[in-house]
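Please read the structure below before turning to the comments.
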Amino acid sequence: MTHTISGQYGRDTIVLETGSWAKQAHGAVVYKSGNLVLLATVCAADEAKEGQDFFPLTCEYTEKLYSVGRFPGGYFKREAKPPEHEILISRIIDRPIRPLFPEGYFCEVQLQVQVLSADGDVSVAGHALNAASAALAVSDIPFNGPIAGARIGRVNGELILNPTTKEILNSDLDLVVAGTKTHIVMIEGEAKELSNEEMIAALRFAQKHIAEFVTLQEEYAKKIGVVKREVKLKVRDEELLSKVKEYAFAKLTTANQTPDKTARNKEISNVNKEVVEFFKDTIEDSDKIKDIKAYLHELEYEIVREQVLTKGTRFDGRKLDEIRSISVEINPLPGPHGSAVFTRGQTQSLGVVTLGTGSDNQRYETLEGQKEKSFMLHYNFPAFSVGEVRRSSGPGRREIGHGNLAERALKLVLPKPDEFPYVIRVVSEILESNGSSSMASVCSGSLALMAAGVPIQGSVSGIAMGLFSDSSGKYAVLSDIAGLEDHFGDMDCKIAGTRKGITAFQMDLKVTGVSFDVLESVFEQAQRGRFHILDIMEKHISKASSTLAGTAPRIIVRNIPKDRIGELIGPGGKNVRGISELTGAELYIEDDGKVTISGSNQESAEKAAKMVDGFFAEVEVGKIYEGKVKRIADFGAFVEILPGKEGLCHISKIDFKRVNSVKDIVKEGDIIRVKVLNVDKTGKIDLSRKDALEEEQV
């Protein structure tokens, strides 16, 4: 039986339909908004796999190019490996949904959202999250939702729910928010240096609309008569837990006072081994031994949180708002165009900048068509950074997500292309990690950009904030969280920005929501921390280097008429190749007539720029030009004075004396100076070497 419901979501009319498509899925919703059609499906295993001790959730967002009537690019003409933007939306779906499944629910769940029909004016991120939540709402899978997603823009100071793609281009805010009826559970986005107050106002605006769509989903589930399946959750053995606590609590408390990550992990591991060995003599059940390991983790959770909430101190002795020690190195690497090392506690990022030309743009395909980006930040998290051994298999979802967040933090302070016409690549190599490596990447990237001579608008710092709370409403906000505090805390909120305001942000929760009072505290405390970090960074470098690295390309930009691009390129690219061969420079010509000229040195670039100018320069009568003899006839020499523009120097005007043969004075390939005597109506150019010599002698 088909069930349909519709409702307003801001300016959009949303239609939800179930029971007609994908009926064997445990939950399936066709989600419509304008011409946008999404299919969201969810399936869950009946039972958890034997020995499963974590929740295996997979969220996949896929864009079908048939949704806009296009073939996929490439040889195979079918969708294959998901591109980065699909991975990022998959993460937006995953992160707010994951903590809302029941504790102890370990059945495998697969959630998929597919774009079947696209609308060029509709941004998909918020809608994809809504479709995913709706599929869970109509399924029998246990889920403490529903939730809703909202993409928020701000144009001319006015907040907009689910802005169009055109509105986003003019927006100083691009925010994706997920929430329940009463609380925010996830935020992510970028801003053009907005204040804390402006950010909170945007979140309040989002929450109001989120509540509307949550209500619509609740009505829909009630209309369908959804009954959730009964599942066996992992039941705690209170007697065994009590025995483990009695034996291990004091030992774990002592081990947790060790500030060094490596030493602490070793001590915790030793305690865990000791406890397991102690109980092995009395417990033969292997599942019970696994339970003991889980209970030890629970005790550690309790110890760390109790210390923060009752004593106001942290495992490493820091105050709640205290930042770890920071050190900075500028240009430690001689070869790259710019580099910096940013170390905060036991987290260390090496930021490296490479400057390139238009041909280095990253090209990618979206539903809107082929796109290019001239700034990219790549984040690498090798196993050695946390002292582990594992196979290297390229960037995963986490690396892509962290890199994107750091990229968004920095891209809004970059100079405009006409001020600094370089393609810029930043790579963050995480050399060691103990929490907040993405924000360390922001700091090292900002420092490296300045070291490379990129005139950014201001230094950017980033900080990760944590939250510990209890059922009574008591909470503590932590600045610059370490890995342990991220693991055992309720929140991981990353905020980056300049002294003027916020440029990027991301918040994930492990609880079912956070109040606006808490959020205001987080943003205010984060600002103090960011400014402290900026103070240290700016002691080392506070403005861009005045010179580029010797190995960086030199770029000159010219703008030519669009209808004359073909003249510059020449038949089969002859003219462009000729310029490159003569100067050693490379030319990158865009459809709008922008010509980027890059040379290995300034002389090479300037020589090529002069030749480009020559193609579009008008011949001036009375001006002396330096030209190349292209061919010789009995009656004179043809001289190229500008690219593609030849004139005739008659034999009578080659020299002061009588000339019997042109070849007696000039030969093909000679560079000579000639004066333009006349340009007739047909464009024929009359040249004189004799007049040029005479004028220069005077």
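Using the three backbone atoms N, Cα and C, a Cβ is placed for every residue, glycine included.
The number of other CB atoms found within 10 A of the CB of Asp486 (Mg(2+) binding site), across every protein chain shown, is 18. Summarising the annotation, Swiss-Prot assigns Mg(2+) binding site to Asp486, Asp492.
Taken from Swiss-Prot, the feature domain 'KH' applies to 553-612, supported by sequence analysis.
Annotation comment: Swiss-Prot describes 622-690 as domain 'S1 motif', evidence class sequence analysis.
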**Prompt:** Can you check what DSSP calls Asp492 (Mg(2+) binding site), collapsed to helix, strand or coil?
**Reply:** strand
**Fill in**
Asp492 (Mg(2+) binding site) has its Cβ surrounded, within 10 angstroms, by a count of other Cβ atoms equal to 22
**Prompt:** With DSSP, how much of the domain 'S1 motif' (622-690) is helix, how much strand and how much coil, in residues?
**Reply:** 8 helix, 36 strand, 25 coil
**Request:** Find the average pLDDT over the domain 'S1 motif' (622-690) in the predicted model and report it.
**Result:** 91
**Prompt:** Quick one: DSSP breakdown of the domain 'KH' (553-612) into helix, strand and coil?
**Reply:** 32 helix, 16 strand, 12 coil
